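Look at TrEMBL and you will find 2-40, 41-83, 130-172 tagged as domain 'Beta/gamma crystallin 'Greek key''.
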Amino acid sequence: MGKITFYEDRAFQGRCHECTADSPNLQPCISRCNSIRVESGCWMIYERPNYQGQQYFLRRGEYPDHQQWMGLSDSIRSCRLIPPHSGTYRMKIYERDELRGQMSELTDDCLSVQDRFHLAEIHSLNVLEGSWILYEMPNYRGRQYLLRPGEYRRFLDWGATNAKVGSLRRAMDLY
C-alpha cells in the first residue's frame, strides 16, 4: 500500500489531501499543489484529471515545492499508485511501430538509449515484467511516461506526441 499527501502551499503548508490509492480527479479535494510528501510507494502524478497531461514519477521522499519533481506549475489533478514489483524487470523495445524492426531487450535502467542501443527513437515496445518510466531525454530528464506491463504498438499508446526516447528507468522505490 502507498501513501502520498498533497499540500496546497510550499513547504508542506496549507490545506492538504492524502491518497492511498489511485485518484482520477483531485480537483474537488485540493485546488493547487505546491508540495508533496510520499510516505510509501511509487506514484505517478498528472497535471490533468483522468491520468492525462504531463506526468511526474515520485518515490518515497519529500518534495517541498513543485520544482523538486520538475513540475512546471502547481496543477496536479490525478495520481496513480504504481504497484510494487518483486522480481525481474523486462522490456523489449522496437525501432518500428507494431513491434517490428530491430528489437532490443532491457532488464535494467538505461541512462542513454542512443549510447546503448544506437537509437534516437523507439516506435513500439512490450513491457513484459514490472513498470518502467520512459524519459524523453537522456539522464532521466524531460517528459516522463509510465509504462505498465503490456504492448505499446506505437508511441501514441504511451501518450507521447513523438517517438523520441532518451532514457528508461525501472519504477522502483530504491535504486
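Glycine is no exception: its Cβ is also placed from the backbone N, Cα and C atoms.
Unlike curated entries, TrEMBL annotations are predicted automatically.
Quick one: how deep are these features, and who are their neighbours?
Below 8 angstroms of C-beta separation, residues 49-51, 58-66, 69, 74-81 of the same chain, each at least six residues beyond the ends of the domain 'Beta/gamma crystallin 'Greek key'' (2-40), sit close to that stretch.
Residues 1-4, 6, 10-12, 19-27, 30, 32-35, 131, 133, 141, 143-146, 148, 159, 169, 171-174 of the same chain sit 6 or more residues outside the domain 'Beta/gamma crystallin 'Greek key'' (41-83) yet have a Cβ under 8 Å from a Cβ within it.
This prediction places the mean pLDDT of the domain 'Beta/gamma crystallin 'Greek key'' (130-172) at 97.
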In the same chain, who gets a Cβ under 8 Å from the domain 'Beta/gamma crystallin 'Greek key'' (130-172) while lying at least 6 residues past its ends?
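Here the qualifying positions are 42, 44, 54-57, 59, 70, 80, 82-83, 85, 87-91, 93, 97-99, 106, 108-115, 119-124.
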Count the residues of the domain 'Beta/gamma crystallin 'Greek key'' (2-40) that DSSP assigns to helix (H, G, I), to strand (E, B) and to coil, and report the three numbers in that order.
3 helix, 21 strand, 15 coil
What are the helix, strand and coil residue counts for the domain 'Beta/gamma crystallin 'Greek key'' (41-83) according to DSSP?
4 helix, 22 strand, 17 coil
